[in-house]
Amino acid sequence: MSISHDVKRYPGLRPLTAVFFLYLYAPLAVIVVYSFNANRVAGVWTGFSLKWYGSALDNAALVNALKTSLTVAAIATAVSTLIALSAALAIIRGKNLRFRKLSETIVNLPLLLPEIVLAVATLILFSLLDIQNGMLRLVVAHAAFCTPFAFLPIRARLQGMSLDLEEASADLYADRWTTFRRVTLPLIFPGVFSGAMLAFLISMDDFITSNLLATGGSTTLPVYIFSLIRAGTSPELNAIATLLILASLVLATVALLVAARGAREDAEP
Amino acid sequence: MTQPHSTGAQKAIEVKSVSKSFGAYQALKSVSFDIGSNEFFTMLGPSGCGKTTLLRMLAGFESPDSGSILLNGKEVVAIPPHRRRVNTVFQSYALFPHMTLEQNVAYGLENLGWEQARIKNRVGEMLERVHMGPMARRRPAQLSGGQRQRIALARALAPEPEVLLLDEPLSALDLKLRQAMRDELRTLQRDTGITFVFVTHDQEEALDMSDRIAVLGGGEVQQIGTPTEIYEEPVNRFVADFVGETNFLEVEVLETAGGEATIRTPFGLSITVPATGPTARGRATLSVRPEKINLGNQAQGLIFEGRIVNKNYMGGYTHYTLDVSGTELRASRRNASREGDTIPLGATVPVGFVAGSARVLAA
Amino acid sequence: MTDSALHAPAETEHAPRARFWHDLSFWGLLPSRLLMGFALILPIFIIAAVSLATRGAHGGFAWDLNLAGYRQILFNEGWTGELEFTPQYLLIIGRTFLLAGATTVICLLFAVPVAYFISRQPPGRKAALVYLVTLPFWVSMILRVYAWMIILGKDGTLPRLLETLGFPAGMSFMFNDGATLTAMVYTAMPLMVLPVFASIEKLDGTLIEASHDLYGDRWVTLRRVILPLTAPGLTAGAILVFVPSLGAVLEPTLMGGGKQMMMGSLIQLQFGGGRNWPFGAAIAMTLMALVMIFLIVTSLRAARREVAP
């Protein structure tokens, strides 16, 4: 038997990591398990049942909240991704740009401030301007705080892309628009996609801002779930949560696979 | 067949008093020269000499602060890169990673508005020419350095540019491949008849491939000439030092007449050697290449004595460092036979060089 | 072949080209400046003004400038206008910092060994483990808090488990700072592991071997090589966890119950029912100022570390 001194190995890390992942996933597993419990009291297992899924899917308020969330997230994602893309192009590729650092800070501003502060500040603004349309309020506020999340991956990708490629394109008779369409955009696409996914996720997930800005007709999913939780835990809520966890995991996997593909394409042997 | 001096009407490129500064740094100081059609022209110099800036100006990525650049007689400073019939082989190759090799080569042709059928033919022809035909559908990431180099060449040559610009294209390749690519590039240039403008800091590459070389230093053209002119007749200390190895000796000019100067060497001998530039009486520098200095029984021309203080055996030849009356001289000697490397360290041997092989430069 | 069209009119194109890039800088940044100006910077100025306004009779506020909002953080105003010092809001501010700090420290204590372990795995397994760390982050935050409610709450998983082990029935672990902290740590954990992993991953393994070669044991190596070299990543993770934790709303609201408030839930309360906007605005300004001070201090310290050799 050979003796090996792997000095980079620290004892006890493997069980610790195992416990860590258990800690990360057990709470989610609890929700999923409870959602199949026939008993109304979630903690008491009386048998397997899918009935809570039936009542969850029949819940019109839930479906409406989902629609609101998806609409707000879709618009906010589109707006924030476009704004982030144009800001990233200007900041990374723009020449003679003064105050580059400041311009970048402005885009990233929502990351630097506590969300609750921004949320109440926006609430005051909207009430002063008498903007009562809940959807409009949500879209504007979401677009603002989603922008830095869309910006960071796009910026990183653009920064990592050699200027040589755009120059080679110009050298090969492509005008600026052709170069953007055929070289720049395809090459930064994984960044744009990750940015959009992140923006979508952040918008879908938002509670603090939406809770303050939403009006009667524009309850988003997290706000609706909050009201359900407030009304007391219920097996139906567990079913809803399970469905949402499932959707999140699928979305996350797709996003990560696309990002991984982008990384693989870049890899040079 | 190739004209060493492009004095004829056929000038592919004219650079006229081009200056460029980046902030406080003056990259080019009123540079002027012409490049002839069908010429393999090399811009040689250390990093920071302005050669890459000049190349980027020819491509259109930079514009001069003042001066003008003519391409086939037409002013191009105002023309953006995508409208110049000039193509570049980038140092990094800059192959589009998201396109196949075919698509990379077709890209320029598509932007020129060629018909699909013509593009297809041309792409096939170019890929064959660089021996990459069977790999047409691969992507750049799957290629070796040498293969990428070939695709970059095919892509840049496909649109039949008036001038091909090459920005240190061999620097990323290993030694053996570099030698092979030199020959391939030279052949390609002869076959296509396209003007090549080649940028390098490698003097061997420049000497080997070029019709003419412009040596750049400190943002100025130091000398333009054929490889032999540059090596054998350097006009100043910078060129003599940057291209090849040489010995510099502090000498005193006693008399000048008709391109020759009579000088006194540090070890007391007076000789008459070729001189370049305005050499007045007084202090000057004598440049003698190590291989022009002969040792032992090979010593000829002007002969004096030196002691071997160091030697480096290199196989094909041996480098000697000599002490000649307190002055250090380097000499190299080809080991033509098994007995080539026989001069022992510490020996005092006859040392000589032919006056015509040395040059007096302005101090 | 000569495409003469390509040489065509170019007289005026050079100057506009430079201008185009200049324009790109301007037009490219315009949308973000408009959006942030309208939805962020303007509201911050307004809330700063509101924090100095007077509470309206029926919610909202009136433009009658004074410091009542800030005064209320420290003093209670009696019927006759006398000021009485009340520590209740200071306690909330203190709890906010304590819980956010505790969250950061606990996350760090977990993240460093776990990230180190992951970084030593073969590439395939490493990618899988990183993916598994990221995954819960994609699950809605409110659901991640909710999960702990059904674990710790009355009739929850943990009380039931303890009951079968012979502990008294009907225990609840909810509605205290511990419950809030549990949820805060859980929601913040991925934010800590990822930057810490990124910096440990970049650590050159031969440095660890060099340390051992020079007679350092594992503990010395950890303390004198690994931690100093990964400090930027640890700091980044700490900021990423600490700042949002200061503004936590969901965790104290759901887990802490009505009494165990943090600054975030206090602010929300003032605006939720339209109860006292100037006071809420004053708390919000205080929170923002504290966050800003923290960020400025950390970035100054980071800058100083970079300057030092």
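Including glycine, each Cβ sits where the backbone N, Cα and C put it.
Panel annotation: around the transmembrane segment (C:34-53), residues 61-67, 69-70, 277-278, 281-282, 284-285, 288 of the same chain, lying at least six beyond its termini, place a Cβ under 8 Å from a Cβ of the stretch. Per TrEMBL, transmembrane segment is recorded for C:34-53 (among others).
Positions annotated as transmembrane segment by TrEMBL: C:89-117 (among others).
Taken from TrEMBL, the feature domain 'ABC transmembrane type-1' applies to C:93-298.
Using a Cβ-Cβ cut-off under 8 Å and counting only residues 6 or more beyond its ends in the same chain, the transmembrane segment (C:129-153) has close neighbours at 114, 118, 121, 159, 172-174, 179, 182-183, 186-187, 189-191, 193-194, 197, 250-251, 254-255. The transmembrane segment annotation in TrEMBL covers C:129-153 (among others).
The transmembrane segment annotation in TrEMBL covers C:173-198 (among others). A Cβ distance under 8 Å defines the sequence-distant neighbours of the transmembrane segment (C:173-198), meaning residues of its chain 6+ beyond its ends; these are 95, 99-100, 102-104, 106-108, 110-112, 114-115, 118-119, 130, 133-134, 136-137, 141, 144-145, 147-149, 152-154, 156, 158-159, 230, 233-234, 236-238, 240-241, 244-245, 248, 250-252, 254-257, 259-260, 262.
Summarising the annotation, TrEMBL assigns transmembrane segment to C:225-250 (among others).
Through the fold, the transmembrane segment (C:277-297) approaches residues 44, 47-48, 50-56, 59-61, 68-70, 72-73, 89, 93, 96-97, 239, 242-243, 246-247, 263-264, 266-267, 269-271 of its own chain, all at least 6 residues removed from its boundaries and within a Cβ separation under 8 Å. The transmembrane segment annotation in TrEMBL covers C:277-297 (among others).
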